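**Q** My structure is below; once you've seen it, I'll send some questions.
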Amino acid sequence: MEHNGRRTFLGVCLGGLAAAVAAVTVWPVYRYLAPRSTRATAARVDIPEKEIPEGEAKFFEFNGASAVLVRKRGGGLIALSAVCTHLGCIVQWEKDKQDFLCPCHGGHYTPDGVVTAGPPPKPLAKLPFSVANGVITVG
Amino acid sequence: MALFKRLIDWIDVRIGAREIVAKELTGYLLPRNINAWYSMGSILLFIFAMQVVTGILLLIYYVPDADKAFKSVSFIMNEVPFGWLIRTCHAIGSNMMVLVLFLHMLSVLFMNSYKSPREFNWLTGFILFTLVQGISLTGYLLPWSQLSFWATTVATNSANAIPVAGPYLVEFLRGSKLVGPPTLGRFFALHVALIPLGMAAVVGAHLFFLQRTGVSTPPFGQKETANQWQGDGYRYESHPGGIPFFPNYALEDLRSIFIYLACFLAVVFFAPNLFFTSDSFLPANPLQTPAHIKPEWYFLANYQTLKIFPNEFIGLSVQGAAMTFLALLPFIDRTRERHPLKRPLFMICAVGGILLWVGLSVWGHYS
Ligand code: HEM
Ligand code: FES
């Protein structure tokens with residue numbers, strides 16, 4: 001019994017030591033491999049209003065993903081995520097049809113991001129923005 | 001536990017796993033007078049595995065392009081979390097591998113275990129020795145520092161001494177007249193693909209030969225130290241009543257690996273720049289040769305040999321002859337006696353050779 005108690009104790013110590021060695025090996029490797037920064041691009045983007053004439057769209061990088069600003073016919077401005085809600089392709093602006101097409105599986109969205117055809121399950125996400133002194137600030 | 005036993009049973013009835021364990025691990029008996037020097041091979045396997053893992057990790061951020069290589073290495077060292085650790089481990093590990101390889105060769109040499117029937121072990125070992133030199137030489141260029149660039153220039157230039165084919169050979173090695181972007185391309189391919197694969201294959205052969213002949217009995221502490229091999233037929237050298245490889249010797253191997261790790265990590269953490277010089281922190285500049293370009297410590301003897309002979313071709317031939325002698329040692333040294341202390345001539349040659357090598361290296365370092 002005495003002998004067994006010592007065995008168990010040493011076994012637990014050894015197991016603890018092995019776990020510690022594993023931890024100090026895995027942690028640096030994990031940190032080495034971890035994505036360096038999720039904010040590869042700014043979380044706030046300034047775009048001059050005159051870059052987006054009526055009926056046109058402007059794509060830009062926002063917060064590590066693609067986003068788009070559209071000025072609808074009639075003047076309404078809207079900022080959307082350009083990432084299709086189906087499987088993540090980037091939508092395209094079709095100026096002649098005034099809608100968004102996702103080329104991957106033929107999803108269609110209105111300029112407001114509402115799904116009109118194809119497989120996307122949800123509308124495009126809306127992004128907050130403000131306009132001041134002729135500059136649009138997204139984020 | 002019961003579940004674990006059922007899993008083992010499930011595997012065992014299919015592939016006879018317990019039989020392999022009984023034959024190759026617990027029933028694999030080693031000579032009773034085996035010593036710690038027999039762990040050098042296991043340490044080398046461990047180092048090789050470490051080099052492969054750290055090397056793959058470095059590949060994630062390293063860029064093999066002459067314009068970007070140095071920057072990518074600086075990026076690994078300064079920006080990537082723990083990049084310094086991975087890179088330092090890889091660079092110091094390569095030096096340690098050469099060092100342990102020397103110890104392994106010396107132990108095999110002094111215990112005379114290269115003798116029949118272990119010629120294949122020695123020959124595959126010798127090939128591994130040249131491959132380790134090759135992987136070190138090609139890896140040295142990759143950071144594209146002043147040191148890499150000029151050390152490679154000097155090393156590849158020595159092939160110039162070969163008559164007739166020399167100049168073309170140098171150009172072929174470099175992929176261009178001078179060391180440049182084409183050299184980086186081919187050295188990179190050799191360093192990360194061809195040589196490691198070759199090494200893995202030759203290590204496999206090395207272990208296969210060991211498994212077929214059986215481990216040698218150390219000549220120390222024995223009455224009869226003459227080689228018992230008859231050469232009349234194949235016989236596995238078994239050691240009845242010996243020490244089981246598993247768990248007994250495996251634990252000794254593990255202890256040796258931990259002692260190695262302690263030494264290795266001491267260098268990594270307390271002397272990380274031991275093998276770097278100030279020229280390794282400057283990007284390569286093909287128009288400016290730095291003063292005192294020296295090769296790595298294990299090439300200093302070769303470097304000095306080239307310098308002391310008036311004619312480079314003689315210097316190169318002497319080195320070629322020494323390497324050939326080493327490769328063919330089991331065929332040259334054919335006596336039966338295996339105890340080094342009962343072999344004065346062998347001891348004089350071996351110790352003399354080592355002193356010569358050390359002397360040349362020290363001379364090369366200070367010249
Ligand atoms: C990457 C390099 C190498 C690795 C991974 C390696 C690995 C091993 C291993 C695991 C063993 C069995 C255990 C032992 O006796 O240490 C062994 C044995 C042996 N090695 Fe190596 N080795 C390498 C290089 C060399 C070199 C350069 C030589 C000599 C030129 C050599 C000659 C031998 C011999 C003769 C044996 C048989 C020893 C005996 O049975 O007593 N090896 N090697
Ligand atoms: S990803 Fe856009 S429609 Fe499938």
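Every residue, even glycine, has its Cβ placed from backbone N, Cα and C.
What TrEMBL records for this protein is below:
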- B:7-219: domain 'Cytochrome b/b6 N-terminal region profile' (DOMAIN)
- B:235-367: domain 'Cytochrome b/b6 C-terminal region profile' (DOMAIN)
- B:42-64: transmembrane segment (TRANSMEM)
- B:84-110: transmembrane segment (TRANSMEM)
- B:122-142: transmembrane segment (TRANSMEM)
- B:188-210: transmembrane segment (TRANSMEM)
- B:257-276: transmembrane segment (TRANSMEM)
- B:313-332: transmembrane segment (TRANSMEM)
- B:344-366: transmembrane segment (TRANSMEM)
**Q** Mind tallying the domain 'Cytochrome b/b6 C-terminal region profile' (B:235-367) by DSSP state, helix then strand then coil?
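**A** When I sort the residues of the domain 'Cytochrome b/b6 C-terminal region profile' (B:235-367) into the three classes, I find 88 helix, 4 strand, 41 coil.
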**Q** If you average per-residue pLDDT over the domain 'Cytochrome b/b6 N-terminal region profile' (B:7-219), what number do you get?
**A** 97
**Q** As a test: from B:84-110, B:188-210, B:313-332, B:344-366, pick the stretch that has the greatest number of Cβ pairs under 8 Å with the transmembrane segment (B:122-142).
**A** B:188-210
**Q** With a Cβ cut-off under 8 Å, give me the same-chain residues at least six positions beyond the ends of the transmembrane segment (B:84-110) that come close to it.
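**A** Answer is 37-38, 40-41, 43-44, 47-48, 50-51, 54-55, 57-58, 73, 76-78, 122, 125, 128-129, 132-133, 135-136, 139, 260, 263-264, 267-268, 272, 274-276, 296-298, 329, 340, 350, 354.
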